[in-house]
């Protein structure tokens, strides 16, 4: 009986072990297939991220041109003034006119990008800037120099308006904040390159060095020729043109799975259908912007307001006239002045890189709080230093530290977040031209600050001017608290719905489940 049990146990045991071996083999095969599938998904996701990164980088190359112009002009103007014998008023006009004239490019860019597409508007911006940069580098007189600067300004206006819109429209919501901040990152990189160029070529003869500094600005735009063979057209623009299959192909490249791409396509088509519905078909875009609904009015206040606060807190004055600021603090040598500006450019670039990793993790609004509060303290510190401690060694060090702190807080928050917000809060039918309107506000504010800085400083001192900037920066904190919602993690269509809900906008949060319910109701 025991042997039988043992025999049965052995036989049963053998069969059991055989079955276990067989099951284990099947499980190993299934696990292997599953791992291969996961590896395929991982590779696909990695390829998607690389492709999106390449698109964002190429679309942002025009922003390098703006940054380079801002950085290089801060040093080149010292030598232009000496070579062409221009007055202080001409100096202010030369520096500030680029920001003012770029509004023409920004205004035209919205309409043009709706007509010919986002991609070819970027290409057009590059060609216009190249023409202006070449004329500036070869200019024999102030008049010709101004002509080239006007052309460059128009090109920059096109570029800074369209790049954030394009990147926002091709990016999934999970990485949209990081990628849409690329134009601001590249502006900072351009500023740093401009400062380095000033320092590197300052030793050349006066009639040559500033021409070389300005002429080098053509090089980044040449890369745009390569970019046109890499970047696709915006899928949202393609849907608006009823080119659905082309939009689907782009979404397959920019999303992690076909299912996700189809979901995004359905959302975009729904938004496009709503835009083309009877409610909107008889109302022109500019008419809707000039006579906005309550929801659009809130979008305009947020988008245009943050653009203006970005500039009227004096960042362009700090960057364009950093040699003047450091000279007022007590630095005498031109070489030392340009070296100090390199430190400012390096700080600005490092902190904008930090913003890439924080903007989709921390969120837009927390970064804006950190940025605006930090800028207020830094500007106040700079004001007090220039007013009471100039020409002292500690005062010089504190002035450099305050300027670096100001650009650091700017770059980690309001600098990139401003462009992210203004490109994602508007609905598809208004996005390009509303973003253009915001860019106009930014450029006008920048031009007003740049063209008046020297005159205002002469009237109330450089320290007094930065005290005014610190007060404006304090107001920007209140603006962020009152008017800016959190948009992290939401699709562009969900953000549009958020602005249509007054209560959710005031709290700055909108549950995604509620958004989906609203979307389904609208679909019904």
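A Cβ is built for glycine as well, from the same backbone N, Cα and C atoms used for every other residue.
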Do you know which of 12-32, 180-200 TrEMBL annotates as transmembrane segment? 180-200
Among 337-359, 429-451, 498-520, TrEMBL marks as transmembrane the stretch 337-359
Below 8 Å between Cβ atoms, which of the listed ranges 120-138, 150-168, 212-231, 337-359, 453-480 makes the most pairs with the transmembrane segment (50-80)? 212-231
Hey, would you say the transmembrane segment (366-386) packs against the transmembrane segment (453-480), going by three or more CB pairs under 8 A that are 6+ residues apart? yes
Residues from the same chain, set at least six apart from the ends of the transmembrane segment (92-108), whose C-beta lies under 8 A from its own: 69, 73, 77, 80, 86, 125, 128, 142, 145-146, 149-150, 152-161, 316, 320-321, 436-437, 439-440, 443-444, 446-455
